[in-house]
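One structure below.
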Amino acid sequence: MMPPPFMPPPGLPPPFPPMGLPPMSQRPPAIPPMPPGILPPMLPPMGAPPPLTQIPGMVPPMMPGMLMPAVPVTAATAPGADTASSAVAGTGPPRALWSEHVAPDGRIYYYNADDKQSVWEKPSVLKSKAELLLSQCPWKEYKSDTGKPYYYNNQSQESRWTRPKDLDDLEALVKQESAGKQQTQQLQTLQPQPPQPQPDPPPIPPGPIPVPMALLEPEPGRSEDCDVLEAAQPLEQGFLQREEGPSSSTGQHRQPQEEEEAKPEPERSGLSWSNREKAKQAFKELLRDKAVPSNASWEQAMKMVVTDPRYSALPKLSEKKQAFNAYKAQREKEEKEEARLRAKEAKQTLQHFLEQHERMTSTTRYRRAEQTFGDLEVWAVVPERERKEVYDDVLFFLAKKEKEQAKQLRRRNIQALKSILDGMSSVNFQTTWSQAQQYLMDNPSFAQDQQLQNMDKEDALICFEEHIRALEREEEEERERARLRERRQQRKNREAFQSFLDELHETGQLHSMSTWMELYPAVSTDVRFANMLGQPGSTPLDLFKFYVEELKARFHDEKKIIKDILKDRGFCVEVNTAFEDFAHVISFDKRAAALDAGNIKLTFNSLLEKAEARETEREKEEARRMRRREAAFRSMLRQAVPALELGTAWEEVRERFVCDSAFEQITLESERIRLFREFLQVLEQTECQHLHTKGRKHGRKGKKHHRKRSHSPSGSESDEEELPPPSLRPPKRRRRNPSESGSEPSSSLDSVESGGAALGGPGSPSSHLLLGSDHGLRKTKKPKKKTKKRRHKSTSPDSETDPEDKAGKESEDREQEQDREPRQAELPNRSPGFGIKKEKTGWDTSESELSEGELERRRRTLLQQLDDHQ
């Protein structure tokens, strides 16, 4: 089935008319009412050849009450089907089966006498080689809704508004062949030749071939009256002839042919044509040669061409009229095209004339132009309506032209003024506009240029501002370059001073422990130091500090290197090691060449401090071991059975303790004697205190005793079990006056310790209680010991964070805790009531009537408890 010619390619909207009707611009004129006695057109009888208006596959274009169909080709009439069938069969249909006809609207169609089908498109068997190439071209022409032609490629599915070059070449080839055929036909009309057999048509490409819209759409400019008259005459004649003929289909078909043959024909001059197409073309050429107008009637045309021999080219009158109608349609198109071209040429001439005339400007009025150019033929030949359109276009063109000229003049003036300002050396970035105007008036180039003097003041001021800004940018760039040069010189000065510090470090004058005051005499005499003075940024002192800090930052890494060197050499820093020996050992290693002298000294100080700390810790450990041995010796004396008495000599009891381990730990005999005498002194002080406190304030102690027993936590026990013996009670504590000197606590503590020694030594029960009661005083003395340790702290960087020092401090703290445990273990042995009352009053409230045996029993019980805790 042939595709509808009005279908656009993909991507464009189809130009479908509203409500299924053809477009208004393509609607054929309505048929006037039929005259009386004329019947409406009817279908021809079966079996007869179709008349002109009833070709199979076509709707009569002039049937009353109906409109011209947009697509008069059915599926059976598709040329692609014929082409495909012929291609499959292998043999194309002969040329004689196809005949060319002209529809009433002037369009050419083709009729197949074999299958009684009509098509709009020219069959492939009738096409020339150029036409076949044109049909195979992928580019096809279509029309949009507005009537503007566009071109579509079936293969690449591309649409464009411009005409492809391939399509132009093929159409030029087709026109060339058609022109050659026309010349051949003219020669044949003048010199008739015998008919020659037509060659077989070229092969037809498979597939449907789209028909361009221009071949199927009627000419919109054609007059309605001419179409009606041309279509009505053959219709009326055909219908009248059918009515008068016999009822049989054969008679109705043959009667018009006999009548046409019976009409008188002019004498033939003996000219002959090879086929009907050439004869029809010769008849049209006759009408064209005689200049038959498109509005001429048949009778007028006959008068003009009847005497020509070519008039007899078509034997039948119907064929002549059909060719005449086709010629009129074609001639009408040509006349309209010629008129359109003449009007277009006249408009172009007028437009060119107005655009080039010197009196025309963009502000000229139409009335003024009509008064000026009204007498000229170029003005009068164009209609007024089109003339106004041309005039508006000219005004638009002139306005655009004047605007462009103004822009060019403005650019020219600005460029000229810039050139003048650039050449004036008196203008700098501080020049004002009034000064610049005076300089310009004195400049000969500006004074001689009239266009430059008529320049817009605002444009001149803008140009001057841009010039001044350019000068300011140049000045700023020059200043920036000067600043960069100055900064570069300052940087070079700093680098030179840095290299000077490197030289001092290489010579050993500068190290991590150097100070600015030490090096200033050597630094100030150098020229590199003098170049640094007065410039911003880092000062020589800052660079010196940065350099020293950098050397100090290398301390930890260099310290590791020094330790590795000492480890490889097997050298250890002791308390009595000299720095010269330390430096002498390090100097033998190659790695010491890159070490800083100050860091070497700091490392030696750090190692020396660690050695001193180790020695101090060793001494403390030895003292702690000695104290533990003395405590064990005193405990051995306390636990002696029978107990030691006052007045006992060391030689008498020495043999009793020879086999004891505590005796063996004290290696010096003098120490043993000293500890034994201290023990006897403590024992003696305890006995004396017991004798002096028996008869002191008995009544008042009783009241306090009853009060204390009522508040005692262990109320079920007796007073005798809760309170310690009177001999173990400490003396009354005297309230200290704040105005007294700070040395009194230490003196009181010494007196207590001496008193404890008088009471029988540290091994006696009273001495332990005194130690327990004075626990708070001992705690107050511990911070003083810590302050003494802090005196040995060094200012070296690793003195605070050295892990060996931390380990030493931790071990010292652990030993202090171990030394504090025996003292704290004595506190729970005291009764709660005794401790609380002692803290509140400081007086002993036990009974004085206890016997000496009871006191001895309690003393032994306390000693036993102390031994158990130890």
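Cβ atoms here come from the backbone N, Cα and C positions, even for glycine.
Model, not experiment: these values are computed from the prediction.
Per Swiss-Prot, the features are:
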| type | residues | note |
| --- | --- | --- |
| COILED | 604-640 | coiled coil |
| COMPBIAS | 182-191 | compositional bias 'Low complexity' |
| COMPBIAS | 192-211 | compositional bias 'Pro residues' |
| COMPBIAS | 691-711 | compositional bias 'Basic residues' |
| COMPBIAS | 739-756 | compositional bias 'Low complexity' |
| COMPBIAS | 764-774 | compositional bias 'Low complexity' |
| COMPBIAS | 778-794 | compositional bias 'Basic residues' |
| COMPBIAS | 804-824 | compositional bias 'Basic and acidic residues' |
| CROSSLNK | Lys175 | SUMO2 cross-link |
| CROSSLNK | Lys837 | SUMO2 cross-link |
| DOMAIN | 92-125 | domain 'WW 1' |
| DOMAIN | 340-397 | domain 'FF 2' |
| DOMAIN | 625-682 | domain 'FF 6' |
| MOD_RES | Lys148 | N6-acetyllysine |
| REGION | 146-277 | region 'Disordered' |
| REGION | 690-870 | region 'Disordered' |
(request) Would you report the average pLDDT that the model assigns to the domain 'WW 1' (92-125)? (result) 78
(request) Express the distance between the Cα positions of Lys175 (SUMO2 cross-link) and Lys148 (N6-acetyllysine) as a whole number of Å. (result) 23
(request) Would you mind splitting the domain 'FF 2' (340-397) into helix, strand and coil residue counts from DSSP? (result) 43 helix, 0 strand, 15 coil
(request) Could you find out if DSSP has Lys175 (SUMO2 cross-link) as helix, strand or coil? (result) helix
